[in-house]
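Some notes on the structure that comes next.
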Amino acid sequence: MTMAARLMLVAALLCAAAAAATAQQATNVRATYHYYRPAQNNWDLGAPAVSAYCATWDASKPLSWRSKYGWTAFCGPAGAHGQAACGKCLRVTNPATGAQITARIVDQCANGGLDLDWDTVFTKIDTNGIGYQQGHLNVNYQFVDCRD
């Protein structure tokens, strides 16, 4: 392979990596809230009151893993969906206030965005109360390393 061909290959790989990184975030995404009540349900993804989609794969994870971050359902416009999303983490930002939090994907949804746990995520970034008043927030999210 010539040097020019190698440089073109490296450039193509860098572009692909940049595109993949960009695809792992979204802005102005609708985020509703859901009452998973993880603390009241012993952080049990399979509890009848929770019944999270990801319980099939993640319910047997250690309590320290299940309780490390607040919970969210994910059906956003960018990133993996279904089983491939289970257990991944999102950095969720309320651009209106700058409040941020890391949340773990434990469920799927159908609203085209996020369905944040009320106790562990939504109220933590709805610092001005507008999300509660409107019934939703518009947020930005980015997939991040959970550091598990």
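Including glycine, each Cβ sits where the backbone N, Cα and C put it.
Between Cys109 and the candidates Cys54, Cys75, Cys146, Swiss-Prot annotates a single disulfide bond, the one to Cys75. Per Swiss-Prot, the residue from Cys54, Cys146 that shares a disulphide bond with Cys86 is Cys54.
Noted from Swiss-Prot: of Gln24, Gln142, the annotation pyrrolidone carboxylic acid belongs to Gln24. Sorted by the number of other CB atoms within 10 A, the disulfide-bonded residues Cys75, Cys86, Cys89, Cys146 start with Cys146, the lowest. Other Cβ atoms within 10 Å of the Cβ of Cys54 (disulfide bond), summed over all protein chains shown, number 24. For the pair Cys75 (disulfide bond) and Cys86 (disulfide bond), the Cα-Cα distance reads 11 Å. For Gln24 (pyrrolidone carboxylic acid), the nearest neighbour among the disulfide-bonded residues Cys54, Cys86, Cys89, Cys146, judged by Cα separation, is Cys89.
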